[in-house]
Amino acid sequence: MTSADSARIPRHIAIVMDGNGRWAKLRHRPRTFGHNAGRKAVRTVVEGCLREGVKVLTLFAFSSENWQRPQDEVGALMELFVRALDKEVDELHGNGVRIRFVGDLGTFENGLRQRMTAAMSRTAGNDALHLNIAVSYGGRWDIVQAARKAAEAVARGEIRAEEIDEQLLGHWMCLADLPPLDLFIRTGGECRVSNFLLWQLAYAELHFTDTLWPDFNQDSLKSAIEDYARRERRFGKTGEQVARKA
Ligand code: FPP
């Protein structure tokens, strides 16, 4: 792969995996059937990212708002996460994947939280792909928790309030130690961000597809990456300025 090719591979992809419920409905099956099929799509996309050389994949598995879904669906999703952790961690670890859960982990019951922590510690030394799973996560929650940390640092006298700028606050946001988000993908036909990674999305390229999440496969990932590769990223500069630097 030439360096020109690798510049066209996004280093960091984030995905809103939408459409599991509709996929199941089309098959006259319960929504949980769709979530199970969604889990297989997660596997496919992780393999695709490893193959394409994507360094970071961040998946929206459960939003702060998803707690409001019917209790049996929430329960089934929690069970699915436990089963996925028990079944998939060995293989992910074998493939050099580092797993990280991001979100308000304090909202989960003990057993699940311990499994999450164990998976994170076990894979902490891996570097082939950073797989971040956002659970009980909301972009506004992320900004609030960063602001709270900044306020605490001021209260301890470590920084002055006037010193808080984008760079300093950004340092407390989730995923701050990883490459910035390049490509945001949402499946399932809706064109909205739904409170995912609000801060981190500032300069990301957005790709929306009608494909329902369980149908998202290697080809879908490739076409999203090709779509990204065609974009000109200007970061607020003019096209001429960007061309001069290339
Ligand atoms: C949105 O589809 C999907 C979710 C709320 C759950 C996402 C979970 C998975 C893909 C399961 C596996 C994940 C991991 C990390 C093991 P929806 O239910 O809102 O679909 P709809 O819009 O068609 O109703």
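Keep in mind that glycine also has a Cβ here, set from the backbone N, Cα and C atoms.
TrEMBL does not curate its annotations; it predicts them automatically.
Feature annotations, courtesy of TrEMBL:
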- D18: active site (ACT_SITE)
- N66: active site, proton acceptor (ACT_SITE)
- D18, E205: Mg(2+) binding site (BINDING)
- 19-23, R31, H35, 63-65, W67, R69, R186, 192-194: substrate binding site (BINDING)
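DSSP assigns H35 (substrate binding site) to a helix in the three-state reduction. Around the Cβ of W67 (substrate binding site), 11 further Cβ atoms fall within 10 Å across all displayed protein chains. Listed in sequence order, the binding-site residues among G19, H35, R186, V193, E205 whose CB lies under 6 angstroms from an atom of ligand 1 come out as G19, H35. Local packing around the recorded positions D18, E205 was summarised as the count of other Cβ atoms within 10 Å of each Cβ; on this measure the leading residue is D18. For W67 (substrate binding site) paired with E205 (Mg(2+) binding site), the C-alpha to C-alpha distance reads 29 Å. The number of other Cβ atoms within 10 Å of the Cβ belonging to the residue listed as 'active site, proton acceptor', over all protein chains shown, comes to 16. G21 (substrate binding site) and E205 (Mg(2+) binding site) have their C-alpha atoms 26 Å apart, to the nearest angstrom. Around the Cβ of W23 (substrate binding site), a 10 Å sphere holds 24 further Cβ atoms from the protein chains shown. Cα separation, D18 (active site) to R186 (substrate binding site), rounded: 7 Å. Across the structure, G19 (substrate binding site) and the residue listed as 'active site, proton acceptor' place their CA atoms 14 angstrom apart. For G21 (substrate binding site), the count of additional Cβ atoms within 10 Å of its Cβ stands at 20 [all protein chains shown].
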